[in-house]
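For reference, TrEMBL has these:
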DOMAIN    22-92  domain 'NXPE C-terminal'
DOMAIN    253-734  domain 'Cas1p 10 TM acyl transferase'
TRANSMEM  273-291  transmembrane segment
TRANSMEM  325-343  transmembrane segment
TRANSMEM  355-375  transmembrane segment
TRANSMEM  395-416  transmembrane segment
TRANSMEM  446-466  transmembrane segment
TRANSMEM  473-495  transmembrane segment
TRANSMEM  507-526  transmembrane segment
TRANSMEM  561-579  transmembrane segment
TRANSMEM  599-617  transmembrane segment
TRANSMEM  659-680  transmembrane segment
TRANSMEM  692-711  transmembrane segment
TRANSMEM  731-750  transmembrane segment
Amino acid sequence: FKGDDTCEYLLSSGRFLGEKVWQPHSCMMHKYKNSEAKNCLIDKHIAFLGDSRIRQLFYSFIKIINPQVKEEGNKHGNIPFEDKSASIKVDFLWYPEVNGSMRQRIKSWTEGSVAKPHIIVAGAATWSIKIHNGSNEALTQYKINITSIAPLLEKLAKSSDVYWVLQDPVYEDMLSESRKMITNEKIDAYNEAAVRILNSSSRNSKAKVKLFSVSKLIAQETMMKSSDGLHLPESSRDTNAMILMNVYCNKIMKPIDGSCCQPQPPLTLIQKLAFCFFTVSIIGYLIISLIHRNNYRKNKSCTDLEIGEEKKPAINAPNVSTLEMLLHCFCKLGLIMTYFYLCDRANLFMKENKFYTHSSFFIPIIYILVLGVFYTENTKETKLLNREQTDEWKGWMQLVILIYHISGASTFLPVYMHIRVLVAAYLFQTGYGHFSYFWIKGDFGVYRVCQVLFRLNFLVVVLCVVMDRPYQFYYFVPLVTVWFMVIYATLAVWPQIVQKKANGNCLWHAGLLLKLICLLACIYFLSYSQGAFEKIFSFWPLSKCFELNGNVYEWWFRWKLDRYVVFHGMLFAFIYLALQKHQMISEGKGDPLFSSRVSNVLLFISIVSFLTYSIWASSCKNKTECNELHPSVSVVQILAFILIRNIPGYVRSVYSSFFAWFGKISLELFICQYHIWLAADTKGILVLIPGYPMFNVIVSTFIFVCVAHEISQITNDLAQIVVPKDSSTLLKRLLCVAGCFSALLLFSAMQEQSRH
């Protein structure tokens with residue numbers, strides 16, 4: 001750990017991921033689009049001074065602003081570029097040697113007679129080596145000239161960003177005869193002189209000329225692909241230009257996936273209040289623990305000498321234990337949230353870009369599959385989609401999704417389409433599980449609703465406060481929350497139709513189907529009426545929950561992507577429970593779900609359907625087109641999996657306890673990964689141990705899983721306290737929660753006002 005100056009790392013160190021992806025040491029690079037580059041450089045003047053190598057860098061830089069630019073113009077002359085739409089001016093100034101002419105140009109900017117550029121990129125040496133045939137006198141003169149230029153560059157660095165580009169190595173075997181005197185030994189000597197002189201001149205100065213030395217590392221890996229042994233291949237100079245753009249623009253544009261050169265964000269008012277709350281909780285818990293222990297010692301059971309009986313300490317145990325449990329939960333949560341903040345908001349730990357390879361995704365998948373099969377046990381019950389089986393299903397899906405995220409597999413379309421089915425399967429289980437509960441139990445009480453909403457949303461609300469992120473940022477929780485309320489509203493509104501009532505009259509089944517048809521019609525209407533959808537969720541305070549980047553488009557896109565699958569889950573639950581009621585399926589241990597003939601036919605159809613969907617998903621060429629079809633066809637693979645998993649009696653009677661354990665904390669795993677396993681809000685990877693990728697993944701994964709498990713325990717404990725069964729107490733707690741949310745909305749509005 002050398003401090004939090006990631007700009008220095010970006011300019012000086014890094015490595016290649018694969019052949020073309022450059023990974024700076026400790027931080028993440030953003031790939032700027034031309035629109036972003038224009039927004040960053042608006043009204044700016046950039047000057048490139050140097051030889052043909054600097055001219056290459058100049059062209060790569062302006063191609064980020066305007067990709068249509070062609071490399072035309074006098075090779076040994078000045079080349080201007082201007083983007084009038086953003087008032088950006090970029091000039092290449094031909095100065096192949098560090099001499100009096102270059103000094104005069106730089107001096108003119110310091111004297112104020114000419115408008116000075118906002119960014120200056122300079123560098124030269126190979127021409128001096130070539131013209132003077134690599135003589136030592138030329139090196140001596142170079143040192144004299146750069147010594148005279150250094151104070152002028154330092155003066156400019158006080159108001160402009162000044163970069164001195166060190167010379168890249170050459171590929172000596174490919175050099176032409178006229179360039180044979182340009183050797184790597186000579187280049188190293190010139191670089192050493194430049195580094196020594198520029199560093200010494202800025203030693204006692206706050207302003208500093210930044211040394212662009214990372215280009216040397218890039219050239220060492222790619223120079224053999226050069227066309228002439230002297231100039232970098234196009235991909236390498238594009239990387240250098242993108243590094244320059246990150247150095248200057250990251251602190252202005254603040255891209256999520258560009259952590260290099262970004263300062264640590266200041267604490268917001270809400271974050272400060274959260275910090276105070278957790279600090280008070282920790283202190284309060286410690287004080288109560290000490291008092292409780294002292295009272296325990298003083299009032300320890302003792303024998304009364306007169307009557308020979310034990311005296312019990314008269315302590316109001318329930319009140320003390322409830323308060324202590326509450327403070328204990330917030331104490332642990334406070335320490336965990338501190339870790340979250342340090343990992344993904346403070347510039348303490350390193351972050352790296354993701355890089356996808358087939359092996360980085362499929363090898364871990366095979367590994368966890370073997371582990372899952374190894375931990376096979378018998379289920380307590382053999383019903384279709386029993387509790388152990390649904391936990392197992394959630395568990396392996398969550399592990400696959402985690403591997404998908406950390407490996408960056410979203411860039412590989414076939415994997416992306418299959419992961420979309422796993423997300424849809426979670427929502428299918430939401431529809432199936434909540435419909436089954438309300439249909440069988442008929443419990444539409446406030447207690448049930450509050451319990452579900454608390455367990456779903458507690459962690460996300462805390463993270464919104466601590467990490468300063470909008471609720472919609474954790475898109476999956478808003479999704480399952482809204483769908484739970486839709487299921488509740490569908491079944492709870494008049495007439496309330498539940499299994500007990502429907503058993504007395506078959507017409508109630510028709511009534512429920514009519515409700516489901518109305519729900520399907522509403523879903524269909526909203527999916528094709530973006531305006532109506534946005535109006536519903538744009539009303540305050542709903543807009544505070546569902547807006548992201550100032551609009552609800554992201555929420556509409558996420559909702560639309562799996563719009564039918566919850567309905568499919570509800571319909572499947574209704575059909576299954578009806579078949580079960582009429583004893584049309586066999587759920588005994590070892591028995592097939594249907595008769596042998598029907599089971600075999602359904603099993604064959606399911607396997608064919610499963611494979612057909614996989615073939616279609618693997619042949620996808622366009623993500624947008626496949627996403628349009630996904631809501632209608634994802635249910636095919638989900639139903640096929642359910643039937644394959646449940647029709648054979650033996651398969652239905654066993655489950656993987658390994659996957660089921662992860663399934664019980666799947667929601668916490670999904671949310672926690674955003675900040676303490678991945679980094680930069682899922683755009684990168686958290687690096688706790690630099691230089692050892694495999695060891696880093698093992699350590700960060702262990703901590704991540706432990707934290708997710710602990711948060712699951714904390715949520716369960718707090719749910720018992722915050723959402724009690726007693727109606728009057730629950731009403732008081734709800735009023736307190738409403739007050740807290742009102743305060744959060746008020747503070748949030750104050751923050752927004754102060755930002756603007």
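Any Cβ shown, glycine's included, is placed from N, Cα and C.
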Contact call for the transmembrane segment (561-579) against the transmembrane segment (507-526), three or more Cβ pairs under 8 Å: yes
For the transmembrane segment (446-466), sequence-distant contacts whose Cβ falls under 8 Å of one of its Cβ atoms, 6 or more beyond its ends: 270-271, 274, 333, 337, 340-341, 434, 437, 473-474, 477, 480-481, 484, 488, 667-668, 671-672, 674-675, 711, 715-716, 718-719, 722-723, 725, 727, 730, 734, 744
Paired segments the transmembrane segment (507-526) and the transmembrane segment (599-617) in contact, 3+ CB pairs under 8 A: no
Chain residues outside the transmembrane segment (273-291) and at least six past its termini with a C-beta under 8 angstroms from it: 267, 320, 323-324, 327-328, 330-331, 333-335, 337-338, 462, 465-466, 747
Whether the transmembrane segment (325-343) meets the transmembrane segment (659-680): three or more C-beta pairs under 8 angstroms: yes
For the domain 'NXPE C-terminal' (22-92), the number of residues DSSP places in helix, strand and coil: 22 helix, 19 strand, 30 coil
Contact set, same chain, for the transmembrane segment (473-495): CB under 8 Å, 6 or more residues outside the stretch: 423, 426-427, 430-431, 434-435, 438-439, 444, 449, 452-453, 456-457, 460, 463-464, 511, 515-516, 519, 545-546, 548, 554-555, 558-559, 562, 566, 570, 667, 670-671, 674, 681
Taken over the domain 'Cas1p 10 TM acyl transferase' (253-734), the model's mean pLDDT: 91
